[in-house]
Amino acid sequence: MAYSAKIGPSILSSDLSCLGSECVRMMDCGADYLHLDVMDGHFVPNITFGHPMVECLRKSVGQEPFFDMHMMVSRPEQWVKPMSAAGANQYTFHLEATTNPGNLIKEIRESGMKVGLAIKPGTTVEELAPWANQIDMALVMTVEPGFGGQKFLEDMMPKVSWLRSQFPSLDIEVDGGVGPDSIHKCAEAGANMIVSGSAVISSDDPRSVIALLRTVVAEAIQKRSLDR
């Protein structure tokens, strides 16, 4: 199995007035990567930040942190080159936001980034399937994208299970309402990349929360490999 447990705090849950130091704090607490939510006010109702801030963050935190860009934008094609130039490592776009996923996947690869493909709760996993062998990661949203602090949608777990059974070595990410209360369900379904916002960042002890999430996922991966 090519995949491993990775925990990526969603930095949108942090104090945005000191984002650079918050990113460093998360990495110091054991984060494997940083999940950056880009919202354009069109694809989702909220507005966050764009590539200029990513460029500033990269300069501030150095080359080491892996930036997983979750592009909740209505024209994902538009931001591939700017995000690559700003220092993004992975460009995760929404299947619902483009009419030509194949072209976009190619473009992201050519710009030197990894490719993530996300689906909203209302999108079936079968719609993602034709592209699964061309991407590095599938993101199954476990809330409606656009706002933090929503309740985890457990009924998204069959999507994760199906993807894991069909594409055994694919990185599968879950995002939305994920924390110590819901991690077991995510891990058992087969998710290995865990985005967690307030559960990690608002915790009095983020290091122990990250460690807990990683342990649960790693144990599920190990059990899966023994069961095969």
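Residue numbering: from 1, along the chain as shown.
Backbone N, Cα and C define each Cβ position, glycine as well.
These come from TrEMBL:
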- ASP37: active site, proton acceptor (ACT_SITE)
- ASP175: active site, proton donor (ACT_SITE)
- SER10, HIS70, GLY146, PHE147, GLY148, GLY149, GLY177, GLY197, SER198: substrate binding site (BINDING)
- HIS35, ASP37, HIS70, ASP175: divalent metal cation binding site (BINDING)
Around ASP175 (active site, proton donor), which of the listed binding-site residues (SER10, GLY146, SER198) come within 10 Å, judging by Cα atoms?
SER10
Just to verify a number: CA distance, SER198 (substrate binding site) to HIS70 (divalent metal cation binding site), in angstrom, no decimals.
17
Give the maximum pairwise CA distance in Å, whole number, for the residues SER10, HIS70, GLY146, PHE147, GLY148, GLY149, GLY177, GLY197, SER198 listed as binding substrate.
17
Among the recorded positions ASP37, GLY146, GLY148, GLY177, report those whose Cα falls within 10 Å of that of HIS70 (divalent metal cation binding site); none is a fine answer.
ASP37
If you measure SER10 (substrate binding site) to HIS35 (divalent metal cation binding site) at Cα, how many Å is it?
5
Among GLY146, GLY148, GLY177, all listed as binding-site residues, which has the most CB atoms within 10 Å of its CB?
GLY177
What are the non-local neighbours of HIS35 (divalent metal cation binding site), defined as same-chain residues 6+ apart in sequence with CB under 8 A from its CB?
GLY8, PRO9, SER10, ILE11, ASP68, HIS70, ASP175, VAL195
Given the binding-site residues SER10, SER198, which one's Cβ is surrounded by the fewest other Cβ atoms within 10 Å?
SER198
Validating a neighbour-count step here. Other CB atoms within 10 A of the CB of HIS70 (divalent metal cation binding site): how many?
27
Could you state the CA-to-CA distance between the residue listed as 'active site, proton acceptor' and GLY177 (substrate binding site) to the nearest Å?
14
So if I draw a 10 Å sphere around the Cβ of ASP37 (active site, proton acceptor), how many other Cβ atoms end up inside it?
25
